[in-house]
Amino acid sequence: MSKLLSTIESPADLRRLSRAQLRPLADELRDHVLQSVSKTGGHLSSNLGTVELTVALHYVFNTPEDRLVWDVGHQTYPHKILTGRRDRMHTLRQLGGISGFPRRDESEYDTFGTAHSSTSISAALGMALAAKMKGESRHAVAIIGDGAMTAGMAFEALNNAGVEHGRLLVILNDNDMSISPPVGALNRYLAQLMSGQFYAAAKNVGKTVLKGAPPLFELAKRLEEHAKGMVVPATLFEKFGFNYVGPIDGHDLESLIPTLENVRHLLDNGAGPQFLHVVTKKGQGYKLAEADPVAYHGPGKFDPAVGLVKPATPPKPTFTQVFGQWLCDMAAADPKLVGITPAMREGSGMVEFHQKFPGRYFDVGIAEQHAVTFAAGLACEGMKPVVAIYSTFLQRGYDQLIHDVALQNLPMVFALDRAGLVGADGATHAGAYDIAYLRCIPNMSIACPSDEAETRQLLSTAHHQNHPVAVRYPRGAGVGAAVPASLDGLPFGKGEVRRRGHGVAILAFGTLLHPALAAAEALGASVANMRWAKPLDMDLLREMARSHQVLVTVEEGCVMGGAGSAVLEALQAEGLSMPVLQLGLPDEFIEHGDPARLLANVGLDAAGIESSIRQRFADVLGGSGGLKAAA
Ligand SMILES: Cc1ncc(C[n+]2csc(CCOP(=O)(O)OP(=O)(O)O)c2C)c(N)n1
Ligand SMILES: CC(=O)[C@@H](O)[C@H](O)COP(=O)(O)O
Ligand SMILES: [Mg+2]
């Protein structure tokens with residue numbers, strides 16, 4: 001165990017160290033982050049980049065009295081290590097272990113739960129103003145990345161914060177990266193600020209009595225060229241009502257600590273909201289991550305001495321890769337197709353599409369609402385937008401989905417990745433709700449492919465509709481079904497019978513078809529691959545209802561309001577009354593962990609499905625496990 005780090009059980013211990021001890025502590029901390037992430041997997045580059053900032057913040061601010069609000073929260077491993085969770089880092093993102101994101105129920109130092117981006121300024125402003133109303137002198141500090149800063153919500157918060165006088169500090173952690181290289185005009189603007197750093201240093205840092213000029217950054221040198229001739233009259237953030245300080249080197253404790261002390265002093269003297277621009281490097285201190293921060297954004301386990309290695313035999317293609325290939329193939333066939341991602345190019349499998357069709361690829365930044373309405377505008381003019389978006393992030397664009405897309409019945413495809421449980425990221429990222437939140441919207445259809453082949457086929461079907469269609473598929477690989485090369489679709493709104501049995505009919509929506517088939521084998525039950533949660537295949541449903549005593553619906557989505565609920569509603573409307581068991585995600589948030597184990601825990605593996613059916617329909621099933629005479 002490292003010498004200094006082992007003495008830090010809480011930030012109070014850190015604050016007892018001398019200034020000279022902070023540099024070696026930061027080095028030990030960085031090594032601890034690298035070693036533990038290499039064993040568990042997790043977000044690496046962002047955490048390596050926030051080591052010094054974390055040390056400085058806990059050193060200068062009186063945490064947990066002062067509130068640190070980390071945006072996204074994927075950069076909080078150093079914070080976790082310094083706030084009493086050092087010895088639990090080996091459990092990170094595993095079942096029963098600590099979360100990869102801040103959690104209020106995990107630590108009093110985690111002041112605000114996050115994982116979706118761009119909430120920190122709003123939350124910190126709320127905390128700062130609550131403190132003011134209660135007559136408390138605590139500070140609230142939002143730490144937000146340059147990627148997260150691109151979201152509308154961050155600007156809504158700045159707009160509000162600039163006219164309020166709480167003890168609010170916003171720190172922009174600018175590493176010139178989102179998950180992928182950053183995009184958009186704000187990024188260009190930040191580059192200009194960086195290149196004009198001497199101007200900023202003289203105007204602002206000097207004003208706050210910082211001793212010594214900040215060192216010249218490598219990055220700034222690169223950007224200087226780009227912004228030659230630019231004059232920065234007053235920063236955007238000053239226009240918003242903040243006192244702008246920076247940019248300063250976020251790895252230089254000798255700059256960070258006095259600057260933070262000065263800013264805290266300004267807050268205590270009623271100077272109003274403060275904005276500190278800190279420049280860091282994603283992957284700092286680990287050469288491989290510095291060279292490729294994208295690959296090391298969220299790696300699996302690896303040997304730090306070797307780095308990430310490609311598996312000897314290529315693994316089964318993931319659903320994401322199947323989508324990426326379909327997108328390229330369909331784009332080649334249809335010149336009207338355009339692909340849109342809100343800052344998730346790699347995660348959504350769009351790297352190849354970007355390379356092959358740069359003019360038809362749009363990374364709009366972390367801006368899900370805008371992504372949806374921007375796509376709606378494209379659709380109005382006859383383009384065929386494909387919005388590739390994680391199920392959990394489409395939640396951000398819900399009003400846009402209803403008001404801008406569905407109400408106008410615009411044809412477009414939502415490629416909904418990460419539908420169902422995602423594993424290590426946990427409840428914040430689970431795609432648990434999309435069937436429920438989409439199926440109540442008129443004009444919207446929802447396809448639930450059961451394997452890789454159907455994913456491609458149903459994407460094609462969706463692309464040819466004249467209304468919005470979501471195709472939902474999970475994280476990772478499926479059963480390994482051979483994916484056809486053709487772009488032929490499957491019939492719209494139609495499912496199929498996959499197994500003929502009797503007594504019990506299982507209606508499977510999506511990839512849980514496969515454990516459902518295994519359970520049906522043991523039960524002698526029938527299985528329908530429903531393929532569409534909306535519209536339901538009513539012919540198939542009627543046939544299944546009439547030829548069986550009971551129905552079981554299975555889906556990797558919330559039971560409440562999900563596909564099973566759709567089946568119940570349809571049966572009622574048809575005047576068909578029969579017992580229905582709905583299997584899906586329960587009405588609770590499912591924590592992080594291995595996805596297969598999580599599914600088993602909620603009874604959605606083959607054994608769980610079989611056992612739930614046996615339990616509920618013991619009267620239909622014979623004692624031996626066979627079935628009583630079918631109705
Ligand atoms: C609403 C939302 N959209 C997308 C994401 C996925 N995401 C997580 S981190 C990240 C990049 C954030 O960039 P930045 O804030 O600059 O932090 P960095 O990764 O550079 O440390 C993205 C797009 C998210 N967490 N939340
Ligand atoms: C923090 C965040 O939102 C992303 O980094 C997310 O963890 C990526 O998830 P995937 O690994 O499923 O792409
Ligand atoms: Mg960044």
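Cβ atoms here come from the backbone N, Cα and C positions, even for glycine.
In sequence order, His43, Ser46, Asn47, Gly100, Phe101, Ala115, Gly298 make up the list of same-chain residues 6 or more apart from His74 (thiamine diphosphate binding site) whose Cβ falls under 8 Å from its Cβ. According to TrEMBL, the thiamine diphosphate binding site annotation covers His74, Ala115, His116, Ser117, Gly147, Ala148, Asn175, Tyr286, Glu368.
Residue environment of Asn175 (thiamine diphosphate binding site) contains 24 other Cβ atoms, counted within 10 Å of its Cβ in all protein chains. Under the heading Mg(2+) binding site, TrEMBL lists Asp146, Asn175.
According to TrEMBL, the feature domain 'Transketolase-like pyrimidine-binding' maps to 317-481. Mean predicted confidence for the domain 'Transketolase-like pyrimidine-binding' (317-481): the pLDDT average there is 98.
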Count of other CB atoms lying within 10 Å of the CB belonging to Asp146 (Mg(2+) binding site): 22
Tertiary neighbours of His116 (thiamine diphosphate binding site) (same chain, Cβ under 8 Å, six or more apart): Val72, Thr392, Phe393, Arg396, Thr428
Where the C-beta lies under 6 angstroms from ligand 2, the matching binding-site residues among His74, Asp146, Glu368: His74
Listed binding-site residues with Cβ under 6 Å from ligand 3, out of His74, His116, Glu368: none
Asn175 (thiamine diphosphate binding site) - helix vs strand vs coil (DSSP): coil
Three-state secondary structure, which DSSP defines for Gly147 (thiamine diphosphate binding site): coil
